[in-house]
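Visitor: The following block contains the structure, expressed as structure tokens.
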Amino acid sequence: MRILFVCLGNICRSPTAEGVFRHRLAEAGLAETVAVDSCGTGSWHIGKSPDSRAQAAARQRGVDLSQLRARQLEAADFDRFDYLLAMDDDNLASLEAMRPADCSAHVGLLLDFAGEPGRPVPDPYYGGEQGFDEVFDLVERAADGLIEHLRERLGRGQ
Ligand code: 4NP
């Protein structure tokens, strides 16, 4: 099972989702079963580390984002991943515009898995540090729901 988290720049929200979710998968004993990655719909930050504010917010909560590097969404991602999860409606629209007609992957919003369908993870880039804590909180809630969903799909119960 392969999951791709998608935002605009791949330096704030989707790397946070990748880091949190990888951490949770390891705790859940699913690290070998579910692979995670992240990307941005834009090209501005390709090759860059996550924003220092995103790294700090994650580090405070025990998640290390320092090894991640930004990349851009590409057409092959629709074949490679089972779930492509957008942070907001703009990211989702970019995904839908690029999605091949025969793509069978799940393409939707991340917070659909937090029981909050339609709610975006707000872009924290131009705001203050508290926005990065909010991103972390929202992503954590979605991680719980997504792991539960994957367990059901994988037939592992719980
Ligand atoms: P992200 O945040 O999409 O969560 O990585 C942003 C990062 C950079 C920009 C916008 C959003 N930017 O305009 O450069």
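Keep in mind that glycine also has a Cβ here, set from the backbone N, Cα and C atoms.
Positions annotated as active site, nucleophile by TrEMBL: C7, R13. Taken from TrEMBL, the feature active site, proton donor covers D123. Taken from TrEMBL, the feature domain 'Phosphotyrosine protein phosphatase I' applies to 1-149.
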Visitor: What does the DSSP secondary structure composition of the domain 'Phosphotyrosine protein phosphatase I' (1-149) look like, as residue counts for helix, strand and coil?
Guide: 63 helix, 21 strand, 65 coil
Visitor: Tell me, what is the mean pLDDT of the domain 'Phosphotyrosine protein phosphatase I' (1-149)?
Guide: 97
Visitor: Express the distance between the Cα positions of D123 (active site, proton donor) and R13 (active site, nucleophile) as a whole number of Å.
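Guide: One finds 7 Å between the Cα atoms of these residues.
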Visitor: Out of C7, R13, D123, which of these active-site residues shows the lowest number of other CB atoms within 10 Å of its CB?
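Guide: Across C7, R13, D123, these active-site residues, the one with fewest Cβ atoms within 10 Å is D123.
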Visitor: Taking just the CA atoms, what is the gap between C7 (active site, nucleophile) and R13 (active site, nucleophile) in Å?
Guide: 6
